[in-house]
Amino acid sequence: MVECVKGRPNVLAIVLAGGEGKRLFPLTEDRAKPAVPFGGTYRLIDFVLSNLVNAGYLKIAVLTQYKSHSLDRHISVSWNVSGPTGQYIASVPAQQRLGKRWFTGSADAILQSLNLISDEKPDYVIVFGADHVYRMDPSQMVDEHIKSGKSVSVAGIRVPRHEATAFGCIQSDDEGNITEFLEKPADPPGTPDDPDVTFASMGNYVFTTEALVRALKDDSENEDSEHDMGGDIIPYFVDRGDAHVYDFSRNIVPGATERDKGYWRDVGTIDAFYECHMDLISVHPIFNLYNKEWPIHTTVEGNLPPAKFVQGGIAQSSMVAPGSIISAGTVRNSVLSTDVIVEEGATVEGAVLMPGVRIGKGAVVRHAILDKNVVVRDGELIGVDHDRDSQRFKVSAGGVVTVGKNQVV
């Protein structure tokens, strides 16, 4: 972690964590999207918070709203950095400071939380999303933002042009000035150096504070606005020639490998969430969780013992979290969270198992995501018969079977 250095610009980080995550249902049925477990021991929000903390930013407000109990608890338990130093990572629910209403959009969430900015009086405000899987040193983006002289910088990642229709797309000139910002266009623009590649917005922004406050207040008076950061606030600055694109490919993270440099995934769908897990488990993973120079921080609750393999139980090309027991069962190409039990004769292949899952004797689970505390009875088959699975569970376009929290099947 980078130490806070005297003379660095005063920065407040705001993490937007109020999203409902409808496309991840049923994983988001009882929790906010940033609270969804990921990678065996983490939650999605751990990635953005780790990036900020590793870069030395320790004044972080996490704006929450939708079913935030588990998210609030995770932040208070795993991210408690408060003390006499003035540092904090705080969960901030909707305050209704501007009337009896909840957040109506991401920009409105910050507008209703302007007291955080007035209290801290930062020079710059980082506004990052809470539900992406990646490593990034935000301080490099802040430094480039300051040099640009613009009021906002938008982090952009290069994606194939044909895939960019799912993102906010950035068109810029040779100097990095954003000339156009298009929300999910049918015909995405190319970059100045490659017409087959598009800058897609990562949903990460750095603002000069005064300009952000002015834009939020102007937006609040616009009856036609949806009060969205990407849809309304960023175009506000682009129209004024006051926006800069930060090329994520230039971000250098200590300890990154050539394979995972520039890795960023939007895990907003079941298929994307599943595939991102599969990126973790190869010998040379596409995304390496074992980078000690830029760790992903979290706290594993329960003081769990190490994973145990007994009676010939095996796990191949898999990640198995503490507290799990593989007893005469077989696990392949899977990610098992904490406190998972796989019993005699059971087979788990290409699966993501959340905390507390139980796989009964002789059961088979393939190409599936099982949410927290799911119990699979002895001899049950999941991911084997598509028609039967479709009648009982959600099956994604990519064929991933998802079983909701606490079900006994």
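Backbone N, Cα and C define each Cβ position, glycine as well.
Site annotation (Swiss-Prot): alpha-D-glucose 1-phosphate is bound by G168, E183, K184, and the candidate from S139, S148, S201 recorded at this site is S201. Proximity of E183 (alpha-D-glucose 1-phosphate binding site) to non-local residues of its own chain (separation of 6 or more, Cβ distance below 8 Å) is seen for G168, C169, G230, G231, given in sequence order. Site extent for alpha-D-glucose 1-phosphate: among the recorded binding residues G168, E183, K184, S201, the largest C-alpha separation is 10 Å.
The Cβ of K184 (alpha-D-glucose 1-phosphate binding site) lies under 8 Å from the Cβ of T165, A166, F167, G168, C169, each of these being in the same chain and 6 or more residues away along the sequence. Taking the mean position of the Cβ atoms of G168, E183, K184, S201 as the alpha-D-glucose 1-phosphate site, the remaining residues of that chain whose Cβ falls within 8 Å of it are F167, C169, F181, L182, P185, A200, G230, G231.
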